[in-house]
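Peer 1: Following this message is one structure expressed as structure tokens.
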Amino acid sequence: MPKGRQKVPHLDAPLGLPTCLWLELAGLFLLVPWVMGLAGTGGPDGQGTGGPSWAVHLESLEGDGEEETLEQQADALAQAAGLVNAGRIGELQGHYLFVQPAGHRPALEVEAIRQQVEAVLAGHEAVRWHSEQRLLRRAKRSVHFNDPKYPQQWHLNNRRSPGRDINVTGVWERNVTGRGVTVVVVDDGVEHTIQDIAPNYSPEGSYDLNSNDPDPMPHPDVENGNHHGTRCAGEIAAVPNNSFCAVGVAYGSRIAGIRVLDGPLTDSMEAVAFNKHYQINDIYSCSWGPDDDGKTVDGPHQLGKAALQHGVIAGRQGFGSIFVVASGNGGQHNDNCNYDGYANSIYTVTIGAVDEEGRMPFYAEECASMLAVTFSGGDKMLRSIVTTDWDLQKGTGCTEGHTGTSAAAPLAAGMIALMLQVRPCLTWRDVQHIIVFTATRYEDRRAEWVTNEAGFSHSHQHGFGLLNAWRLVNAAKIWTSVPYLASYVSPVLKENKAIPQSPRSLEVLWNVSRMDLEMSGLKTLEHVAVTVSITHPRRGSLELKLFCPSGMMSLIGAPRSMDSDPNGFNDWTFSTVRCWGERARGTYRLVIRDVGDESFQVGILRQWQLTLYGSVWSAVDIRDRQRLLESAMSGKYLHDDFALPCPPGLKIPEEDGYTITPNTLKTLVLVGCFTVFWTVYYMLEVYLSQRNVASNQVCRSGPCHWPHRSRKAKEEGTELESVPLCSSKDPDEVETESRGPPTTSDLLAPDLLEQGDWSLSQNKSALDCPHQHLDVPHGKEEQIC
């Protein structure tokens, strides 16, 4: 067997797959440093070496500015600095990123390299600017709260049904939280010490009208029901990230409270509440109104109406207080919010409700004055509003059961606070216009949508649609104020016409001509109001419809089966917003009919009056504004660098900040009583003292003998102190009894009479005895007193 090389099984065997893989991995391992060292030449976007890097702005030394020339300069400069040119930075011409080749280096070596690079770049004539790149901390703009009930706040962020919420998270991500705005809840009080409200509480905007002190803390009651105001306040401004309960829609705003519903309420108290601290409070949230029983016709009385008007004129430095009111919860009683004077007012923002499925809840009311709707609770199978609650009595500080239009109005108030943060100079009419322009129409089988002449869709069930925080805030950011409020009031139109039963009807007309509107300049409508006086045996059987010149119909007075009042209407004002943006000129028709079964007595339209409110805007102006707002919905204007100038507000005199508290009042009453007591006591003491002096006098009325000297008194050393001042007898035989009231001389001090000069006593005698002197024998001095 010939000699040969001994076989080594492991080496002589054919290379299998595992062996090849090991060789490939070894090769890659050896190539990694080389690859990483050259990776920087691929461009700055993929750079991730972790070492120092510099941004450098170069200009061509040859003056041509060509990109190829600049690229060559950048390569040479980077090499001179011991760096690698990673390429141009984005689309910025002449800007390059220089990076240090990868490799572990001690900290001292890195610092030496940094100094060397800085020296090279600073001394090169082609370098216009350079800067070492630092790591920047950036966070994703997403909203995360640790409040335990925030995931259940579907109305803020509906994860179960995306889109069925108020669309507010994008606004929060841009740091719009209501900062700088104060919302006041006019209700039964606000528990401001609870941790969800305390950090945002505004004591300077608060007051208790029920107890007449500055603290609106709710009082426990038998029904455990005075939590209403606290719940509304939590919806607006509950503090986030405090690991407690929930989050408010405008959690950066201030929240105040006016306690007025926990006791008897008068017209004057309402008036005070509507204007209380109206240079501090921007928005008044009012989740209350007349009884929702389907038979009440009521609203603010004379003082309340005046306060609402004064608030929109002088409140908020002249931009106008924003009054947000709930439309009412009388739907199950077939009630209608046109019979609610607060919802019917042109000075308020009337807000209705929809449930989480976007449908009209069973309790919601309809009316022609409805401006918009937002979310609230529905039937028992649907979720209600999660918000802060009081922790008094049976309260736990948090609730998942807030519902009704009472829950919808505070959400609207919070969204308006977001609007005022980005545009503080919005007027009360600007807010109404933005709601009309941005509310979104949606389908509901109960809603009857009609598009008016100006292109706005409205339904009696949902107003102009659902409030959308994103649309409201973006529109507010670029909004310029509407022109002045123009109005037209017709004469009182006396009719005295019978109202027939259905299907017949009474129709009355009034034409508004161009000449009628010349004085005010009114062109397009906002609110239209009709004031009627009607007698009818059953008020709830009446149906009133108003037709604007365009033909747009408003059901301003809906029949109500539970309203059997026999007095009809006495100067009651109905209003509608359904003709918003339409032309004001033309013929208005009021159509009334009796839909009841009673035929024993006919109703009479005594008189009516038409009032138009609007502006000098034309139809073209409205269309231009619509296009402008739609262009802003991308959010391109919603950043701090863009801001339209705001006109300065009016200098409204501040309110007197001093308040008499009950304790102060009690103290003043006690001090007053004490003062009266001592005054009476002192007067009684003086009176008794004078009577005592008078009883001790011995002066008689009649002839008065004025001796020059009492010899007996002189001898006894008592001078004249024991001698009567006036006597018809000798002083030594003076009688001690008094026969009449004392005279002026009776009350003279004895030490004055003991002096040698008797002119005083003689003069006093003349004062006491003003009658003429009688001629008497020499040596006697007598007078007839």
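Counting begins at 1 with the first residue displayed.
Note that Cβ sites are derived from N, Cα and C of the backbone, with glycine treated the same way.
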Peer 1: Quickly, which of ASN175, ASN763 does Swiss-Prot have down as N-linked glycosylation site? Just give the residue.
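Peer 2: Candidates were ASN175, ASN763; Swiss-Prot attaches N-linked glycosylation site to ASN175.
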Peer 1: Can you say which of 197-219, 289-311 is given as region 'Disordered' in Swiss-Prot?
Peer 2: 197-219
Peer 1: Tally the residues of the region 'Disordered' (197-219) by DSSP class, grouping H, G and I as helix, E and B as strand, and everything else as coil.
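Peer 2: Tallied per class, the region 'Disordered' (197-219) gives 6 helix, 4 strand, 13 coil.
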Peer 1: By CA-CA distance, flag whichever of ASN167, ASN175, ASN241, ASN511 among the glycosylation sites is nearest to SER406 (active site, charge relay system).
Peer 2: ASN167
Peer 1: According to DSSP, which of helix, strand or coil covers SER406 (active site, charge relay system)?
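Peer 2: Looking at the DSSP assignment, SER406 (active site, charge relay system) belongs to a helix.
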Peer 1: I need the nearest neighbour of ASP187 (active site, charge relay system) among the recorded positions ASN167, ASN175, HIS228, using C-alpha distances.
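Peer 2: Checking each of ASN167, ASN175, HIS228 against ASP187 (active site, charge relay system), the shortest Cα distance is to HIS228.
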Peer 1: Please report the Cα separation of ASN175 (N-linked glycosylation site) and ASN511 (N-linked glycosylation site) in Å, rounded to an integer.
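Peer 2: On Cα coordinates alone, these residues lie 50 Å apart.
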Peer 1: I want to verify one value. Collapsing DSSP to three states, which class is ASN241 (N-linked glycosylation site)?
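Peer 2: Note: ASN241 (N-linked glycosylation site) is coil by DSSP, not helix or strand.
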Peer 1: Counting all other Cβ atoms within 10 Å across every protein chain shown, which of the glycosylation sites ASN167, ASN175, ASN241, ASN511 scores highest?
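Peer 2: Result of the Cβ crowding comparison: ASN167.
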Peer 1: Spatially, which candidate from the recorded positions HIS228, ASN241, ASN511 is nearest to ASN167 (N-linked glycosylation site), comparing Cα atoms?
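Peer 2: With Cα distances computed to ASN167 (N-linked glycosylation site), the winner among HIS228, ASN241, ASN511 is ASN241.
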Peer 1: Tally every other Cβ atom lying within 10 Å of the Cβ atom of ASP187 (active site, charge relay system).
Peer 2: 29
